[in-house]
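A.B. asks: Sharing the record's features from TrEMBL:
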DOMAIN    A:86-178  domain 'FtsX extracellular'
DOMAIN    A:201-312  domain 'ABC3 transporter permease C-terminal'
REGION    A:1-23  region 'Disordered'
TRANSMEM  A:47-70  transmembrane segment
TRANSMEM  A:198-218  transmembrane segment
TRANSMEM  A:246-272  transmembrane segment
TRANSMEM  A:292-312  transmembrane segment
Amino acid sequence: MNAVREPRRAPEPEKTRRSEPRKVGAWREHHAWSMSISLRRLGARPLGTLLTVAVMGVALALPLTFYLLLGNVQRMGDALGRNQSISAFMKPGQNAGMAETAASALRGRPEVADIVVRTPKDGLDELAEVQGFSGALQSLDANPLPYVLSVQPKPGLSAEDIGRLVDSMKATPGVDMVQDTGAWRQRLDALLGVGTRAVSLLALLLGIAALLVVGNTIRVDIQSRSAEIGVLLLIGASRPFVRRPYLYAGIWLGFLAGVLAVALAVVLELALAGPVGRLAAAYDGSVSFGGLPAWLLLSVPFASAVLGWLGARLVSARQIRRAAAA
Amino acid sequence: MPSPQNQHHIPYPLGLHGPTGDAVIGFDLVSKRYEGDHQALTDVSFSVEAGEMAFVTGHSGAGKSTLLKLLAMIERPTNGVVTLDGRKLNTVRPAEIPKIRRKLGMVFQDHRLLLDRSVFANVELPLIIAGVSPADRGRRVRAALEKVGLLSYEKQLPEALSTGEQQRVGIARAIVAKPAVLIADEPTGNLDPQLAMEIMGLFAEFQAVGTAVLVASHDLMLIKRMKKRVVVLDHGKLVADVPAMEVV
Ligand SMILES: Nc1ncnc2c1ncn2[C@@H]1O[C@H](COP(=O)(O)OP(=O)(O)OP(=O)(O)O)[C@@H](O)[C@H]1O
Ligand SMILES: [Mg+2]
């Protein structure tokens with residue numbers, strides 16, 4: 001009986017003899033296919049894709065916008081704080097010599113860039129320029145204003161340095177009181193520090209939200225394709241092969257969302273540039289509106305693609321295992 | 001020659017259909033007990049060689065599908081050894097399963113085509129899984145579709161095809177990567193006798209080019225007309241193994 005059943009060789013499957021280049025070829029084919037099929041599937045569900053991209057894009061655009069605003073407040077603070085001086089009012093009755101002595105004592109300090117001694121007459125002239133005061137000033141018999149030392153600190157000093165300078169000014173003989181007109185700058189810096197921290201935290205939270213949005217979209221997608229996954233596994237697909245198109249889908253969604261976020265941020269930037277520029281000009285002509293840096297705009301889509309990939313990774317292995325078991 | 005009816009009493013090493021050098025499918029004292037203590041197969045031994053076609057038949061619940069599921073590694077045997085193309089399946093690690101499944105073409109009663117893509121894309125899948133380049137894929141998919149007579153349907157969606165045509169697409173998908181073994185579970189269950197014969201004729205063609213073919217069916221009329229080897233199961237036991245020559 002065995003004789004009548006002529007033994008024949010099974011056909012040599014074309015894929016069994018696999019040399020290294022062949023393996024690399026297969027790897028490349030798998031990726032090329034996964035990349036294109038994932039794109040086509042996203043295109044086949046335009047509304048769902050659009051919604052996911054929109055939600056994720058807006059989530060990423062928010063921290064970008066806050067970053068933009070914060071950056072501009074910082075710029076304005078820098079520009080406005082540039083010419084802030086600290087004034088030391090001499091005790092009444094002090095003469096020019098005493099003021100000069102106090103000034104030269106302070107000039108030696110490392111924090112000081114320049115000191116201008118303003119006489120009571122300078123002060124009076126300044127006041128006279130302010131409308132409405134001139135009449136009142138003319139009725140005075142003597143000049144009631146003290147000598148004032150206008151101290152210009154070196155640029156880039158920390159709040160502690162300024163504090164030390166103010167203390168030493170207060171301790172200088174003949175000085176009555178010290179007024180730090182630049183103190184708002186320190187408070188602004190502190191506020192900006194809080195703001196930066198808040199924006200970083202917000203970016204982190206919204207980044208996680210974006211990741212979860214993609215993860216959920218991919219999860220639902222895998223769920224709806226459990227029959228297909230079962231067939232693929234039965235005809236010899238490996239789990240990584242089955243998973244790959246979903247990872248690519250995550251990457252595409254993330255990338256598109258990143259592009260949308262950048263587009264939104266740029267639109268906001270253009271909308272804000274005018275009003276902020278005018279506001280800045282009203283304070284000091286040297287202040288201008290600062291946009292988001294190019295490196296940031298260029299890197300957002302890629303960072304967002306990584307987020308999408310992570311989101312897809314997070315859910316796909318588990319979800320495919322479930323689909324395979326079903 | 002012993003009568004087919006008592007062949008199963010012969011211990012496997014002496015069995016006429018025991019594994020030979022060319023056995024591509026091998027069952028060696030295979031038993032399967034499902035959860036809940038249901039004994040689906042008991043000590044089944046037989047083998048199928050390259051270029052051989054065999055039917056597995058028996059009443060409903062006899063264990064036909066279970067037998068094929070063991071080959072496809074959908075289920076694992078409780079006892080015994082299943083061999084596929086020289087590989088003992090009980091020693092296969094989970095990570096190796098996909099690779100071994102690629103030696104196996106599977107045809108399902110409900111065809112299991114992916115309905116959201118064309119006939120071409122369905123047949124192409126095993127080649128994509130095997131990492132074949134797009135140019136080669138196109139050539140081989142068309143060759144497979146031509147073989148089942150559906151070349152002109154390549155752009156259609158499966159739903160636009162008749163049941164028999166869908167089943168032929170399923171067969172094209174099963175053979176496109178040139179597997180060593182082709183298995184089919186009730187592939188003609190939904191088809192009228194004329195179509196069923198056509199499908200079986202296709203299987204015979206793949207047998208002729210050296211593929212081992214194992215078809216589970218309870219359609220005795222059809223089996224008789226095909227004049228191929230018949231393995232008969234009864235309550236999970238192999239009760240007859242009728243060689244092709246003796247099928248009347
Ligand atoms: N997953 C399972 N869990 C428990 N029992 C099962 C399972 N699959 C099959 N069985 C039982 O094993 C026995 C053999 O089933 P199998 O599906 O192999 O039979 P069959 O010959 O293919 O029947 P049919 O002709 O109806 O398709 C049946 O009694 C069935 O109830
Ligand atoms: Mg069955």
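Every residue gets a Cβ built from N, Cα and C, even glycine.
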A.B. asks: What residues in the same chain, six or more past the boundaries of the transmembrane segment (A:198-218), come closer than 8 Å to it by Cβ-Cβ distance?
C.D. replies: 48, 52, 55-56, 59-60, 62-63, 66-67, 70, 246, 249-250, 253-254, 257, 304, 307-308, 310-312, 314-316, 319
A.B. asks: Are there residues at least 6 beyond the ends of the transmembrane segment (A:292-312) whose Cβ is under 8 Å from a Cβ of it, and what are they?
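C.D. replies: Same-chain residues near the transmembrane segment (A:292-312) but 6 or more away: 56, 60, 64, 67-68, 71, 207, 210-215, 218, 246-247, 249-255, 257-259, 261-262, 265-266, 269.
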A.B. asks: Could you tell me what the rest of the chain brings near the transmembrane segment (A:246-272), counting residues at least six beyond its ends with Cβ under 8 Å?
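C.D. replies: Cβ under 8 Å, 6 or more out: 34-35, 38-39, 41-42, 49, 52-54, 56-61, 64-65, 68-69, 72, 210, 214-215, 217-218, 221-222, 289, 291-292, 297, 300-313, 316, 320.
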A.B. asks: Mean pLDDT, the domain 'FtsX extracellular' (A:86-178)?
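C.D. replies: That stretch averages a pLDDT of 84.
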A.B. asks: Quick one: DSSP breakdown of the domain 'ABC3 transporter permease C-terminal' (A:201-312) into helix, strand and coil?
C.D. replies: 97 helix, 0 strand, 15 coil
